[in-house]
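Sequence annotations record features per position, and here TrEMBL assigns Zn(2+) binding site to Cys102, Cys105, Cys142, Cys145. The Fe cation binding site annotation in TrEMBL covers His134.
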Amino acid sequence: MTTGEALKKTKRQLHDSGFKLTPQREATLLVLLENEKDHLSAEEIFFFVKQKSPEIGLATVYRTLEILSDLKIVDKVSFDDGVSRYDLRKDGAKHFHHHLLCLECGNIEEIDEDLLGNVEEIVEKRFHFAVKDHRLTFHGICQQCQRKHQES
Ligand SMILES: [Zn+2]
Ligand SMILES: [Zn+2]
């Protein structure tokens, strides 16, 4: 999906929920789309937004991120540093993707497959808990770091 298509889709999502894609929201969303592979904090998003649209304030970016996460267009996620980061939900994904966090280089890889369908069923049955979503981060050593160990 191109950035233009993604933007159009989000515009529709916002519209269906009674929100407009204001220039401020569009600027925030563009930063998220352009840095899809990164996991940016609100401050980092604000930094990029400001480079293009200096008139937009941090509070507006925060508010936009709240709306986008309420609508499940982005997901809030935090890793070892405890900072809230924002992650675009993959197109059509019912669940948030999983992360592989490398403890050595800090690299974060994403897994799109859900893998947890059965686990959710078990949780629902055993704990009578209506599961809406889940967060899963594997902590370990990435392939590149493993190779480095083998070489040395
Ligand atoms: Zn992610
Ligand atoms: Zn690594």
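Numbering starts at 1 and runs along the chain as it is shown here.
Cβ atoms here come from the backbone N, Cα and C positions, even for glycine.
Mapped onto three states, the DSSP output places Cys102 (Zn(2+) binding site) in strand. Geometry remark: Cys145 (Zn(2+) binding site) versus His134 (Fe cation binding site), CA distance 28 Å. Cα of Cys102 (Zn(2+) binding site) to Cα of His134 (Fe cation binding site): a distance of 20 Å. Compute the center of the Cβ atoms of Cys102, Cys105, Cys142, Cys145, which mark the site for Zn(2+); besides them, the chain residues with Cβ within 8 Å of that center are Leu103, Glu104, Gly106, Asn107, Ile141, Gln143, Gln144, Gln146. Cα separation, Cys105 (Zn(2+) binding site) to the residue listed as 'Fe cation binding site', rounded: 25 Å.
Least crowded of the binding-site residues (Cys142, Cys145), judged by neighbouring Cβ atoms within 10 Å of its own Cβ: Cys145. Here Cys142 (Zn(2+) binding site) is positioned 23 angstrom away from the residue listed as 'Fe cation binding site', judged by their C-alpha atoms.
In this structure, Cys105 is the one among the binding-site residues Cys102, Cys105 with the smallest number of other Cβ atoms inside 10 Å of its Cβ.
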